[in-house]
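Colleague: From TrEMBL, here are the annotated features:
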type: DOMAIN; residues: 90-139; note: domain 'Carrier'
type: TRANSMEM; residues: 175-199; note: transmembrane segment
type: TRANSMEM; residues: 205-230; note: transmembrane segment
Amino acid sequence: MREELRHRLPSYMVPDRLVKIDGAMPRLSSGKIDRKALAGLLVKDDIDKLKAMAIEIEPERNTTNELDSNRKPLDIVLSAFQKSFPHRQPKPDDNFFIDLSGHSLIAALTITELRQWFPSIALHDLYECRTAAKLAERLTLLSDEKKNETTLKIPNTCVKPSYTRIILCSVYQAIVVLILGGIVSLELILPYIIFVRILHHHHGIGYACLGAYGVLVIVPLFRHLFSLIIKWILIGRYKEGDFPLWGWMYVRWWTVEQLRNLAMPETFADSPLMSIYYRLFGAKIGRNVHLGSINCEAPDLLEIDDDTTISSEVHFQTAFVEDYTLKFRRIYI
């Protein structure tokens, strides 16, 4: 009957057990199947067989938890299959999905069990091999390749910065942060100062509001202009290369980035002004380019070709720190 069902149903729909019931199916007063009564119709000796099978399998489960280097891959795979199908006796040539009626969840659990002995095994290995014999053959090849692998040790050539450089850079950064904090505070109170000053000279509340609004508009533009001027004074054009961490180049790059972040260039996102902004900072932006809220720490090293659309939250890592080194690399889109 099971063989006939395999020809008519998908493998995952073939039942694991077939139980013969004498008489009619038990039903409730509503006419539906009585599941509790149906469960009680299991033949007693069939239950005893299942218990006996579980008792026979249990010692094998205990032994497989202990890693034994002398066990063959086929024995390990069959043991894992046995754990996944405790009511079956898997054979080396049984198809995991057809003969054993396995599915994706059982496959994942089986692979997890096998990773105790074969850490490099993947789920696709089981889907491709399907039988214990073929899977064991593949695992044997993987084990042999791992034994033949040689580890290439690359000497660490990075030079750690001196404590003097770290202290000097930290002091400089602290001073810059304090100055930037003062600038932000001044920007917050400046509109109110202008508003009060205009009122004090009896020019009317309308002029006072207009003056405060003008400050709110001009100050952000001044931030962008100031960061642009500082960039071309301190850096000029970024060039590809490696520079010591917390060195002079790092200090200049960090200062420019703090000023750029303070100006909030993302306010130009999704508008033609974003392309103009990055062109002013040295990036090569083609025609008909749409830029979202992108971020690029070294704009001179960014080149975007014509007719390109870049969405929001994109980070172009033209500058990054690795092995105590500030590295500048070019990106072409």
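The backbone N, Cα and C atoms fix where each Cβ goes, and this holds for glycine too.
For each listed feature, how buried is it and what is near it?
Modeller: Residue counts for the domain 'Carrier' (90-139) under DSSP (helix as H, G, I; strand as E, B; rest coil) come to 26 helix, 2 strand, 22 coil.
With a cut-off of 8 Å between Cβ atoms, the residues of this chain six or more beyond the transmembrane segment (175-199) that come close are 205, 207-209, 211-216, 219, 255, 258-259, 262.
For the transmembrane segment (205-230), same-chain residues at least 6 beyond its ends with a Cβ under 8 Å from one of its own Cβ atoms are 187, 190-192, 194-199, 255-256, 259-260, 262-265, 267, 277, 280-281.
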Colleague: Looking at the domain 'Carrier' (90-139) alone, can you tell me the average pLDDT?
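Modeller: That stretch averages a pLDDT of 88.
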